[in-house]
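Features as listed in Swiss-Prot:
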DOMAIN    4-255  domain 'Pyruvate carboxyltransferase'
BINDING   R12, D13, S166, H194  substrate binding site
SITE      R12  site 'Transition state stabilizer'
BINDING   D13, H194, H196  Mn(2+) binding site
ACT_SITE  H16  active site, proton acceptor
Amino acid sequence: MKQVVIHDPTLRDGQHAVHHRLGLTELRRYAEAADAARVPVVEVGHGNGLGASSLQVGLAAATDDAMLSTVREALRHSRLGTFMLPGWGTSDDLRRAISHGVDVFRVGVHATEASLAEHHLGFLRDAGAEAHCVLMMSHMASPGELAEQAARAVGYGAQAVGIMDSAGHFLPPDVTARIGAIVEAVGTVPVIFHGHNNLGMAVANSVAAAEAGARIIDGCARGFGAGAGNTQLEVLVPVLERSGFATGIDLYALLDAADLAERELMPAPPVPASMSIVSGLAGVFSGFKHRVVELAGAAGVDPREVFFELGRRQAIAGQEDLIVDVVAELSGRGPKTDAA
């Protein structure tokens, strides 16, 4: 059987679903359960990564230092991972994370902007740390563009590269084409896939990624994450095993960890609700959902139309101001712009 490495961002990406408010006890208990299941990598942090706790995107319940040290102490078999976005995280944040014993660093950038990771990947390379680079909102770039960006990231020092289906927009053939192109471009460098479940395709897309050559696959307990959630880890693992890929994970212990996560980490497991389906079809960042619904409701505009217009404009995270413009235009209170 071919080996795949499972990367579990339950304690980082899942934070988006609870406004980044997971406490240290919750982090420790899930980390211990994932470790008992022999999950290879357990990622922890604010949902937006190192240095991101703020009024702008949400204050975490604990500091980065406290989260990393708590989970580090809980892990005996699993490796400790963390995440950062250039613009939030800094070299100082990376340096402190190294001091806490982080084993795997992920640097996330927009699908066409690998150059933004150059400084941080170089810093981690020079520090002797394992650094990965993930290209987010990857449906907004062609297979060839993603392959080119991934190759650049490897040149900057990434020891694994891959894509995040941040909007949950892909179907399996989309994943096959993109992962295949990246694998061809980077050779023996491991390729990563991180799915979202807006269209209910996260597990199928992850299997397609593995079959196309991805060797690092992400999944969260109960799919814990914003909107429709991420790839459901305890479903992903046995499906991969049935598909001929070895994970090295203890299934019963993994199911126990998922049960614990449902009881202690989340108010309810995520599902592909109507707005999540629409945002996935439109190819729009799931984090826009609450703001779209709020502004559209106040203006008497159908939020589904707002999502599809944002998709036509290729809105990305950080462009929340576009929501205001689109709602105003659809309600007849604003002029049409050239971007429409």
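The backbone N, Cα and C atoms fix where each Cβ goes, and this holds for glycine too.
A quick note: this is a predicted structure, and the numbers were derived from the prediction, not measured.
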At the level of the C-alpha atoms, what whole-angstrom distance separates S166 (substrate binding site) and H196 (Mn(2+) binding site)?
6
Please name the residue among the recorded positions R12, H16, H196 whose C-beta has the most neighbouring C-beta atoms within 10 angstroms.
H196
Inside 8 A of the center formed by the CB atoms of D13, H194, H196, which other residues of the chain have their CB, for the recorded Mn(2+) site?
P9, M164, D165, S166, G195, D218, C220, G225, N230, T231
Rounding to whole Å, the Cα atoms of H194 (substrate binding site) and H16 (active site, proton acceptor) are apart by 15
Three-class DSSP secondary structure - H196 (Mn(2+) binding site)
strand
So what's the mean pLDDT when you look at the domain 'Pyruvate carboxyltransferase' (4-255)?
98
